[in-house]
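Below is one structure, written out as C-alpha cells; the observations come after it.
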C-alpha cells in the first residue's frame, strides 16, 4: 500500500479519454499531475470542484485496493448527481457519462462482494494508524497534509457506503480526531504554525515563537459563546467579530508574525532573547497607520485607535494591526483605494473598541439573529464596494469611452477624501449582523447615491478631458514664463538701441501678457473641471469662481493701466529710477504691477523656506488652511513635497544655468537674426501676388511673417528639451565620475585593482561590530595583500554561477577561481588568470640570467603577480610532496633542500648556489609529476611506482642540474640504525602515502599548480565571453563605489520579489526549439549561431544530449519566465552563502545551524502572479497546457517559489450556474512527489480585471508577499548572483535619511539591457535604454528629484505602499503606463525616490523593428494618457517652478516636444509652400536688401539643425564614454552613424509623435504585446504596410510632395547649396519615414523575398473583409480597424480631424494657378473648374459602378456602349485641351500632384463623417481608399524592387543590420539564408 500512497499510479494512455469532455472549465487539484491521476481529475468541471479530490484519491489507492477505489468512483458519481441533478453546468453531463461507464467497466472486472463495509472501514483504520498517527514525528507537514486529505476523502466515501449505525467506534473516533485537528493538516507557506510533523528550522527561532505567542494572547478579550471554532489568536477573534475568510486569516497571521520577527530581530542579543519588544509593535503600528492618522487629521476626525485600561496596550495594538491587515488582505480591487480602506478600518476599529469597552462579544447580544460566517465581511463590505467599481468600469467600453463619463479608481477613492463619506450609514455589528438578503446592495446603493446626482454623473475633484489644453493647464507657469521671455526678447531685439527710452516700458508689457495667460489658464481649468463641480465643497467652488473673476479683472486692469502710463515720456534712466526708488509720483501701471506681483513675491519667499512650506501644507489648522486655500485646492495628496533647502538649491541652479543658456541662444540665434529681415519684408511692396485675393486689398506680408516666424517660435518652445538633454548628459557624466563608475571597465584595469578587491569586499560585505572598521579597512588597503576566505568563497560562487550559465568554459573557470585558503597559507593567492604564464616567463628569464641576486629579486618583484606565482608554486610543491612522503629520510632530504634555498635567499646568494640554466628542465620534470597526480589510476601500485619514478627524476635534476654543491648539502641524510651500504641499496621515495586525505582532496591544488607551471600564453582574454567580462568588471567596479555596509543577515530588511506573468513563454519545448520557419531556421539553430561559445560551453558541461537541459539552455537565452525565476532565485543562493559565512565560526553550533537554515526563508520570499494559471490547466490548447506544466516544473525546481493565480469556478445557486473567483497561492511539492499544493484560497467579490490587467495581476498577488521591501520584476528581466549578493547593501538605503528628514520609499536600480549584442536595431535600442536607465535616471534622482518608477527592478518600501494604494495604478486606459503612476503616487504622498548605480538587474528589450515600434507606440500612448491624468496635473501645479520644469521635460514634455519637432517641419514646409505658390518668396528673395544680406536664409538654418535632433544622442555617448572609455564611445558613435542609427531614431520620432498626438485627440490607447521573441527574420511588405501606413508612410509622402513642389516652383531662384542645407533634415526625415522599415528588415532587398512579398501584398489587398476576418488577412478588415479611434472620438476630436484634413486642399488651390493652361489667370473660376473635374471624375466612376450592378442581362450591350462612350470622351477631352487650350505634359503631372492630396483629404473627411455617410456612399469611399493604398504601396515597393535586382545591396544591408554579429564572427548569413550545418 505504501507504493500506492507515496507514488502516483502508473501512466495511462490518453486514448482512455475518447469520451473526455471539453477542458474549457475543468480544474485540477494539488495532487499528482501525471499518468492516470491526470486522466480523471482533468475532466472535472469547475462547478463540481469537490469531486476532483475524490477521483484523485481513487487513482492513488487503485493499485493497492481496487475495490475501495471503485467505491470512490461510485461516491463521486453520486455526489455529481446531487450537486447538479439537471446537468445544467458546463461539462457536467460529460463527467457523469464518463463516471458511469467507468463504474460499469469496474463492475465487470471486479467480483464485488457484500463485505465492502468491512473492507473500507478496515482500510480506513489501517491508513489512519500508519500514515496519520505514526508519521507525525517522522514526516514533514506537507506529507501529513496530503495524508489528511486522503483520509478525509476516504471517510466521506465510507459514510456513503456504511450506514451510520454500522460505523464502528474506532472509525468514528479517528474521524473525530481528524476533524478536530483540521488546521494541523493544512499546507503552509513559510510557517507551519499549527501543523503536525517535523518542524522546519524557521519554527525553532525564538523570535518566531515569541511573535507567535504574542498574537496568541487573547486573554480578557470578549469571547463568543455561540462560536463553534476554538479561538487560537487575535486573528481568530477578529474573524469571529467580523467574519473574515479562513484563507485570509491564515495568510495575514503569517504575514504579521514574519513582520514582527524581522523587526524585532535587529540588533538583538539572540542568546538571551525571550519575548517580543514592545517598541517593535509600536514601530510597526506607526508605519501601518501613518496614512490612516494623516487621513483622520485631514478630515478633522479623531482616530478610532483607542485603548482600554483593562487590556494590555501591546495586545490591543496588535488587534488593530491585525484588523487592518485582514481588511487589506480581503479587499481585492479596493486595495487600489487606500483612503477607502482607511474609512472601513475607521468604522471597524470603532466596533472593536466598543466590543472591548463593553466586554461583551456582539454575537452574544440578544438582538442577534445570525452569526457572521467566514464570508460575512466580503459579502457586506467588500462586494458592495466592488460592485460600485465594476459598474463604473463597465461604462468605459474597454477604454474607448471618454474618461468623463465614468468614475475610475481615483474618483471613488477621492470621494473618501471628503466628509461626505461619513454620510454613508455604517452598519455596526452591535446593530445586528445582516442576513444574506440584506447584505446585498445596501452599502452599494448608499455609495452610488453619494457619487452621482440624479441623471448626472459626477467626477471627483478632477476630469480627464481629451485636449491639448491639458498641457497648458498642468504646466501653465512654464508656458507663461517662456511666452513672457519671448515677448521681452522680441521687444529688445526689435529696438535698435537697448537703452532707448521706450524699451523698459515696452518690456513691462509682459505683465499684461502674464495676466491674460493667467486668465486663460483659470478659464481652461474651470471649464475642464466642470463635470467635477458637483463633488466640490462650497469653499472650493468659491475659490474657482473668485480666481476666475480676479484673473479677468487683472486682464482688464493692467492693459488700462499700461495705456494710461504711455503719457510718461521720460528717458530710460529716469524711468528706471522712478521704477526702483522714486515713488513720489509713481505711474498707475507700476503700482498695478506691484500689486499683481504680490502673490508671486509671497510664493518666492516661501520658496526659500521649503520646510516651512511643508509644515503649512501638512498642518490641518483652520487658519493655515485659510491661508493656503488660495494657493492650491484642498486635496489629500500633494502636501509636503518640497524637501530641504540643499536639494532645492541644487536643481534650482541647474535650471537657472540652463535657462540662461537657452534664452541667450534663442535670442542670438533664433530671434535676433530674423528681426532685420522681418523689418525689410514689412517694408517691401508686393506687386506680383500669383494667387487670387480672398480679401481684396489685404496685405500679404502677414502670411510671410507667419511662415517665417512660425517654425522659429516652435523651435523656441522645443529647444529647451535639447538643452535639457545636453545639460543632463553632462551632469549625469560628472555624477558618474564622482560615483566611481567606469574605473574598472576592462580586464587590464581589473588586474591592476584586483589586489585591493578583498579588503574592499570585506569593508562592504562583511558585517563588523567594531567601531574602527573603516580605519582597519584603510590599513588593509595600504598593507600587504592577505588571503580573504570570505571574498574567496563569494568570488568562487560567482564564477561557478557563470559556469552553470555557460558563459565560461571549464578551463576559464579554473583560471578564474580563487584557491580555497587554509589558515597556514602565508602569501596571498590570486586567480590563475592573473598568474598565467608567470612561471614559464620566470623560467625563461632564469635560463639566461647572469646577474646578481639583488638584480634577480628586483626583476621578480617588479611584477607582483610573478612574485606571487613563484611563492605559491614553491610553497604548494613543498606542501604536496611532504604529504606524499612517508619515509623520514626522504622528508629530511626535501627539508635539506628547502633549508638550502632559504639560506641562499637570506644570504642573497641564490644565483651563486643554484644553476639558473637548469630550472627549465626542472619545470619539465615537475610537469610530468603533476600530470601523474591528476591522472585517474585504477591500480594504486602502478600509481605509486609512477610517482616514485617522477620524484626520483626530479631529485636527480635538482642534484645534478640545479644545485651547485648538492653533495655537501645532502650529506648526512640517512636513517638512524642503517648502514651506508643499506641506504645505497634502498631506493629513495619508495614509500608513498597515496591515500593521504590531503592528497585525495588536493586535486584542485594539483590542477592549479599544473596550470601555473605549464600555461605559457597570457590569460588576458580570459574570459572570452563578452557578457562574462562585463559582469566581472562591473562587479569589481561596484565594490569600490559608495554603498552602505552590509548588515548581518539577521539584521537586514526582509523582502519579496513579485513577477506578474500573463501568457509569455515559460520554458521552450523541444518541439518549439526545432520547429523551422519558412526559411528553414529553428530557434535552437538560431541560438547556437548567435551564442556559439555558450553552446560549446554547454556541451562541455553537460557532455550528453539531454533534451530537457537543451530546452533550459535555450530558455535562459530568451525572454522567458524561466530566465527571470532563475535570476531572482539567486537572492536565496546569496542569502544561503551569506548565512554560511556569517555562522561559520560561531561557537554555539546547534543554534547557529538553525539560524543558517531559517534566515533565507525569513528574509526572502518570491511570488509569481500568474493570474491565468487556472485557465492554463483547463485549456485545450497544447501550448497552454505546456506553459502550465512548465510553471509547475519551476515550482518543483525552486521550492521557495510561490505562484498566485485566479481560480474561476462555477457554483450552482438556485439551480443556476454562477461564476465564483478565488485568489489562490500554491507551491511546489517536495521530494516525495511532484505536484503543486494549495496554501491559501481567498474568495473574491468578482473578476479582478476591471481595469488594466498588469497592475491588477500584481494587486491580487501582493497580499501573498512578505517583508518590509518589495522588488517588482518584469517578465523580461534577469538577475545575477554577484548582484544578488549586494541586496543587503541596497536595502540599507531605506534606513538612510535623504534631504533632511526624508527616507526613500522607492529605491531605483539600474538595468543592463542584455538584448543588444546581435543586430544593429537591438544595439540601438540597447544604447537608448541603457542611457535612460543609467545617466538619465541618475540625473533625475539627484539633483532634479523627479525620478519616479519607470521599470521593474525598483525596490518599494512595502509597508508604505500597501497602505497607500499599492505599487501601481489600474484605472482603464488612463493608467496604461501603470509603472510611472506608482512613482507619481509615492511622490504625491510624501515619498522619495532614489537611484543607485552600484547594483543592476538584467532586462530584455525588443529587438525587431516592428517590436520596437509597438513598444514605442505603447509608451507614447501611455504618455498621452498621462497628460490627461490628475497625477500630472497635481505634480505640475504643486511642484515649485524649477522642479516642475524637471518633471515636464522628463515625462510628457519629451513626447510633446517630439510632436512639436515634427510639427515644425510641417509648419516650415507649408509656410514655404505658401510663399512659393503665391510668388511672395521670389519677390522677397529678389529684393536687393534681402538678396545682399542673405539674413533670411541664414536665420532659417538653425531650424533645420534643431529638427535633426542629433544632440539627443549625447546621453548615449556620454554614458558609453563614462563606462567604456572615450575611444570606445567615439568608435560606437561613428559605427552607429554608419549603421544608419539616425534613420532609426528619426523613424521612431515619427512613432512617438503620431501615437502621442492621436491619443490626446481621439484616445484608442491599448496595451500592445510586443512578443519579446527572437526577431532577425524577414517581415513581409504587407505587415510593414499595415503597421506604418498611417503613422509614417502617409506623412512621409505628404512631406515629400511638399519638398518636391518647393523645389519645382522655387528652385529657379534658390541657392542650391543653401537650399539643400535647409531642407536636408526634411529630406532625411522623409526617406527615414518611408524606407526605414525596409532598410531594417532582414533580407529586405533579397529578390526572392521581394517577389514573395509582392504576391502576398496583392493577395492581402484583394481579399474582402467581414466578420471573423483578421486584419492581417484582408485589407478591408485592416482599414476598418484603422478607423476605430474615430468611432469613439468626441465631437471636438471629429471637428479637429476634419480641420486637419483641410490642409490637403491647399495643394490644388496653389498648383492650378501655376498650370500653363490657366494662362496666369487669378480668377476663382480656375479653382472652380478644377473642382468640376473632380466632380466629373467621381460621377463617371459612380456611373460605371452603378452600371455594373444594374445593366446586366438584356441591358448588358447598353452598358458596354456606355463604357465605350465614356472611354472615347475621356480620351477626347485631353486631346482637345492639348490642341485648343495649350495643355502640356508638365500640367498633367502637376494636376496629379494637385488633385491626389485633395482626394485624400476628401477621404479623411468621409471617414470622420462615417455615421452620416455609411448608408449613402460608404462602399465608394472604401474603394477610393483601396485605390490610394494600392498607389502608396506601389510607390514604396518600386524602389525596393529595383534595389533588389542588385545582389550587393542585400549584402550591404545585411552588413549594416548585423555588424555586431559579424564583428563577433557569427554566422548570421547562415541564419538569414536558412543554411544549416550538415
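Glycine is treated like the rest: Cβ placed from N, Cα and C.
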Legend entry - transmembrane segment range according to TrEMBL, out of 1724-1744, 1850-1870: 1724-1744
Legend entry - TrEMBL annotation (transmembrane segment) - matching range among 722-741, 742-761, 762-781, 782-801: 722-741
Legend entry - Stretch contact, the transmembrane segment (479-499) with the transmembrane segment (648-669), Cβ-Cβ under 8 Å, 3+ pairs: yes
Inset, instruction - Would you confirm whether the transmembrane segment (1788-1809) and the transmembrane segment (1692-1712) meet the contact rule of 3 or more C-beta pairs below 8 angstroms, pairs 6 or more apart in sequence? - result: yes
Inset, instruction - Would you mind listing the long-range same-chain contacts of the transmembrane segment (511-533), meaning Cβ under 8 Å and 6+ residues beyond its ends? - result: 404, 457-463, 465, 467, 469-470, 472-473, 476, 479-480, 483-484, 487, 541, 544-545, 547-548, 551-552, 554-555, 558-559, 562, 593, 596-597
Inset, instruction - Would you mind splitting the domain '1,3-beta-glucan synthase component FKS1-like' (315-429) into helix, strand and coil residue counts from DSSP? - result: 82 helix, 0 strand, 33 coil
Inset, instruction - State the residues, same chain only, that lie 6 or more residues beyond the ends of the transmembrane segment (648-669) and have a CB under 8 A from a CB inside it; answer 'none' if no residue qualifies. - result: 485-486, 489, 492-493, 607-608, 610, 642, 716, 719-720, 723-724, 727, 731, 1342-1345, 1440, 1442-1443, 1445-1446, 1502
Legend entry - Within-chain partners of the transmembrane segment (1830-1848) [C-beta distance under 8 Å, separation at least 6 from its ends]: 1581, 1585, 1589, 1593-1594, 1597, 1634-1635, 1638, 1644-1647, 1649-1650, 1653-1654, 1657, 1661
Legend entry - Same-chain residue ranges lying at least 6 outside the transmembrane segment (545-568) that approach it to Cβ under 8 Å: 505, 508-509, 511-512, 515-516, 518-519, 521-523, 526, 575, 587-593, 596, 630
Inset, instruction - Go through the chain and flag residues at least 6 beyond the ends of the transmembrane segment (1724-1744) whose CB is under 8 A from any CB in it; none is fine as an answer. - result: 692, 1708-1709, 1712-1713, 1718, 1762-1763, 1766, 1770, 1791, 1794-1795, 1798-1799, 1820
